[in-house]
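Enquirer: From TrEMBL, for reference:
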type: TRANSMEM; residues: 12-32; note: transmembrane segment
type: TRANSMEM; residues: 38-57; note: transmembrane segment
type: TRANSMEM; residues: 64-85; note: transmembrane segment
type: TRANSMEM; residues: 91-108; note: transmembrane segment
type: TRANSMEM; residues: 144-164; note: transmembrane segment
type: DOMAIN; residues: 146-272; note: domain 'EamA'
type: TRANSMEM; residues: 176-194; note: transmembrane segment
type: TRANSMEM; residues: 200-221; note: transmembrane segment
type: TRANSMEM; residues: 230-251; note: transmembrane segment
type: TRANSMEM; residues: 263-288; note: transmembrane segment
Amino acid sequence: MIRSDNPPDNGVSGAMYLFGTALLWSFIGILVRANSQSALLIGAVTAIFIALFILLVGRPVLRVSRLIALVAVCNFVTGTTFNFANQLTTVGNAIILQYTSMIFVIVYQSLATRTLPSPAKIASVVVAFTGMGLFFLGDLSAEGMLGNLLAVISGAAFGLCFFLNSRPDASPMVSSLISCGISMLPIVYFAGALDSVRPFEWGLMLVHGLFCSGLASVLYAKGIARTNAFAANLVCMSEVVLAPCWSALLFGEVFHWNEFLGAAIIVLVIVGNLASDAFGDGFLVVLVRHRNKERA
C-alpha cells in the first residue's frame, strides 16, 4: 500500500482521488483490446512511458534487494498476463478474474505463517474459487479459456505483489521501475516491426502509460492517504463495474449467465472480506441486528 504523510480529511476528497484512479484503471483493458499489436510489444512501449513518469514525477530512492526484485518480477507477470488476457477474453472477464488477487492474499498469508485462516476466510476462498470456476463453463472457445486462465494467473501474481509490498523493506515504486525495465526487453525483438505500429496505436500506448498507469498511481497515493483502507478498496472496486461498461459500449461485449453469476459471487466475497478486515468478524452480527431493528 502506498503511504503518505498527508493528514486524512473527511474522506470526500480522498474518495474523489480514488474514483479518478479507478476511472483511469478501467480504461486499460479497452486500450489493450483496441490495439492490434502483440501484448508483449504493448507492454514494452507502455513500460517506457511508465518508467519516465516514475523517474520524473515519483523520483523514488533507488535501491535493490531480493524482495524488491521479486516484486518486480511479479509486477511483470501481472501486467503481461493481463495484457494477453484482454486480447483473448472479454475485458469484463479479465478485470473480474484479476480482482481475485485479494483472495489469493489470504492463501499467501496462510502459507507464510503456516497457519490455517479462520473458517470465514476458508469459506471465502472456497466460494471465490467456485465463482472463478463459473467463468470456465458454457460455450467457451479455447482462446477464451486461455484468456480467462491468464487473467487468474494475473490475479495470483497481483495478490503476491500486494502481499510482498506489505513488508517494511519493500519499495513498490522501485519494483515498478525494475518491472518496466524487464517489460522493455522484448522491444529488441520487435524493433523491426515498430514501423507497422499505427499512430493511433502509439496514442493508445501513450495514454495507457502516462495516464492510466502513471497518473493513476499519483491519484491513488493521494487518495489512500485521505481515506481508510475499507472505503479506499470499495471505491477502487468501481473499476470492476466501469471496465465492463466501456467494453459493452465499444465492443458489444456482455457477460453470459455463468460469467455474471461468477462475477457477482467474486465481488460479494471480496466486499465481505474487506468489511470483515475493517470491522472485525462481528460486522455481520451488527448488520443482522440492524436489519432486525428496521423490520421491527
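Just so you know, glycine gets a Cβ as well, placed from its N, Cα and C.
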Enquirer: Would you kindly check 12-32, 91-108, 144-164, 176-194, 230-251 and say which stretch has the most C-beta pairs under 8 angstroms to the transmembrane segment (38-57)?
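Expert: The stretch with the most close Cβ contacts to the transmembrane segment (38-57) is 176-194.
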Enquirer: Do the transmembrane segment (144-164) and the transmembrane segment (64-85) come together with 3 or more C-beta pairs under 8 Å, pairs six or more apart in sequence?
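Expert: Stretch pair touches.
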Enquirer: Take the domain 'EamA' (146-272) and count its residues per DSSP category (helix H/G/I, strand E/B, coil), listing them in that order.
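Expert: Helix, strand, coil within the domain 'EamA' (146-272): 107 helix, 0 strand, 20 coil.
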Enquirer: Top stretch among 12-32, 64-85, 200-221, 230-251 for CB pairs under 8 A with the transmembrane segment (176-194)?
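Expert: It is 64-85, which has the most Cβ pairs under 8 Å.
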